[in-house]
Amino acid sequence: MENREEVKSIIRYLPVFLRSSNIFWPPPVVEALKSLSGGPNCSNVDSGELLFLAISDMRNSLSLSADPLSPSAPHGISLFFDDLMSRAEATKWFGDVVPELAKLVLRLPALLESHYVNAQQGTALRLLESQEPGIVLLSQELVGALLACSLLCLFPVAIRGAKRLPTINFDQLFAGMNSFTNFCFFRSLYDSYDEKQENKIKCIVHYFERISSHMPRGNISFMRKVLPLQQSSFAISYPMPGLWKKSTVSLCPFQVYSSGLIEDQTEEALEVDFANKYIGGGVLHKGCLQEEIRFVINPELILGMLFLPAMAKNEAIEIVGAERFSNYTGYASSFRFSGNYMDKRDVDMSGRRKTRITAIDAKSNPGYRQYKVEYIMREINKAYCGFIDQSYIQDIRPPRDNKILSIDKLNKDFERKGDQCMGQHDSIGIATGNWGCGAFGGDPELKTIIQWLAASQASRPFISYYTFGIDKLQSLDQVTRWIMSQKWTVGDLWNMLIEYSSQKLQRETKVGFCSWLLPSLHAHDPMDLY
């Protein structure tokens, strides 16, 4: 076991130990977990205050003094479990849920050993390093055990920064931004009461209640997708402007929804996570926007934070199979947990729910720079990486004379590879919305067209776009319908977008892309679009 490269890459980031091919807990941790598994009559743990003391004892047994918890952590845990929970809920939590979670954590070494014995080649749990495409396939039971360790704050964290990994314990903030390093998940609840934060925790607690009463038996895959930066004459790599400009790929159908949510769409689609470069964003801190909400209603997504370092500009992360456990209402400060959700999505041949999520991070606060070609290139290639089937980002046979091929030849390979993707996911479109807008400051119309281009080039059969009712996209449906009627290619729309962006950058126009395009619609189409 200790000679396996996958194990060697991840073991120092796990709370368990490895010796002589065996994964194990130290004896004091075993005793503590056995005590917790016996319920309050055995462990005396029947409050948040006592739960924190039990956590502290286990952490001391794991020699985690180099990873101190926030001084506010005990107060935050007490506030939630002793004050915000009803007495009946707390009795169930400490009497039923905590013992079952302790049993699950106690079994973690056995679950890990079984995982490594049975994992198919190339799918075992490991650190998925930046610029190294790969996939990790985990059972929901193993994910649950590891997340229970996060709840108990058992992971070592001091070593994670060097690998650009966020912290994973639930007392710590998600280390996406270095300036936030003195805050923590529970501390934010204690220092200034925040109702949305309470409701985020309710979602996660509900997840643990569910798996403690009925453990799901499916699988979840986490994949790092990479578009090689090195240009190659015989592979799809990070596209250059000439490839987009000359693309003759047809635009895919575009469906506009002024209401509804990405996660509620009924067609089989790749659902876009408006991600931070550190996946999960502020889910373990005060963040409560699109990504953080998705991660608390599908808490298994949080596990990716354990082994997925920050994304580079040419990378995306695709997660398949994460189950949804919670309903909710609201957004940001109005977010509220609204009860149990039963996920009825079908299961694929790998035992994964057919919930496909692609995490792509947009540039933050780009201002007028977002209209520069290099910024548009960064965003469209990021979206393209998230949307394309990773199995087609691979070498094709090089020419015998090893000569560098022309842009035209590269473009044909680019398009041919895209065409090949269609046969693999000809029914799986893209479900997205205002990616990189809102708090990130992106132009909604610009980002809409960028995603449409990327989805089309990736040979996705459709894009379902949720506008969330914002005013700037009121004319999106009529504009996209007109564009489709003109049978424009990716290259045609790209060139129009670049022309608009140039005018925007030079302050020659103040209107959005749709309004800018509408006059030309009147010139070419007698139909009254208003």
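Quick reminder: no glycine exception, Cβ is built from N, Cα and C everywhere.
Heads up, TrEMBL stuff is auto-annotated, nobody curated it.
What TrEMBL says about this one:
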ACT_SITE  D273  active site
ACT_SITE  E291  active site
ACT_SITE  E292  active site
BINDING   N276, Q290, Y331  substrate binding site
DOMAIN    85-224  domain 'PARG helical'
DOMAIN    244-474  domain 'PARG catalytic Macro'
Euclidean distance between Cα atoms of E291 (active site) and N276 (substrate binding site), Å: 8
Distance [Cα-Cα, Å, rounded] between Q290 (substrate binding site) and D273 (active site): 7
CB within-chain contacts under 8 A for E292 (active site), separation at least 6: K200, G280, G281, G282, V283
Model confidence over the domain 'PARG helical' (85-224) (mean pLDDT, whole number): 87
Extent of the substrate binding site in Å [max Cα distance among N276, Q290, Y331]: 17
Separation of alpha carbons, E291 (active site) and D273 (active site) (Å): 6
Fewest other Cβ within 10 angstroms of its own Cβ, chosen from the active-site residues D273, E291: E291
Composition by DSSP (helix, strand, coil) of residues within the domain 'PARG helical' (85-224): 73 helix, 12 strand, 55 coil
Inter-residue Cα distance where the pair is Y331 (substrate binding site) and E291 (active site), in Å: 11
